[in-house]
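Peer 1: Got a structure for you, questions after.
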């Protein structure tokens, strides 16, 4: 045998060497990991700013909408108010007249009728005429005047302010023989006033006009306030009228 021995192989004391491919792969993984981490960090940092930017944009948008919507909301409201005012204007209250109906009616008393209504409407408002009423002695077509009195006589009755019964008159300047012959200044129509001595159609119209403007006569002497009536004219029919 030979006295020469082969030295045993000893493992290398340093770390094993990696091949270039392995090192390249590891390096790539590390780079990708760093890129991913960096992207996450950057994204995390940008999120608040981005969120604020988005919210700010939304707020600005909302603010813009709000700014525009306030007058926009107000405008429709105003428009609705205007439309309501146009569609439903303040309607004037329907004018009416108050009339005192008495005589041969079913419900005598104060009635309210529309302006422009006729005597027939006032009688209807008072329940209508009774069977004993003499409507032939009433001008049913006459237009009513506020504050006047409408009297519906019974058959055979002389209405107040009507003509005196035959034989009852004493003359042009005298008084009738019956109280019913007196003309009521507050209810007489133009025809009844025109029949008085010294009163023609023009003065009769002025009497009615004065009555409408000032209300019922409180005394016969108030006729002196009517244009065209003086003491002399009034003396001609003073005892033929009443209030």
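Glycine residues also receive a Cβ, built from the backbone N, Cα and C atoms like all the rest.
Quick paste from TrEMBL:
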COMPBIAS  11-21  compositional bias 'Low complexity'
COMPBIAS  70-79  compositional bias 'Low complexity'
DOMAIN    191-210  domain 'Helix-hairpin-helix DNA-binding motif class 1'
DOMAIN    221-240  domain 'Helix-hairpin-helix DNA-binding motif class 1'
REGION    1-21  region 'Disordered'
REGION    58-90  region 'Disordered'
TRANSMEM  24-47  transmembrane segment
Peer 1: Just give the helix, strand and coil counts over the domain 'Helix-hairpin-helix DNA-binding motif class 1' (191-210), going by DSSP.
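Peer 2: Across the domain 'Helix-hairpin-helix DNA-binding motif class 1' (191-210), the residues distribute as 14 helix, 0 strand, 6 coil.
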Peer 1: Treating G and I as helix alongside H, and B as strand alongside E, what does DSSP give for the domain 'Helix-hairpin-helix DNA-binding motif class 1' (221-240) in helix, strand and coil?
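Peer 2: Secondary-structure composition of the domain 'Helix-hairpin-helix DNA-binding motif class 1' (221-240): 15 helix, 0 strand, 5 coil.
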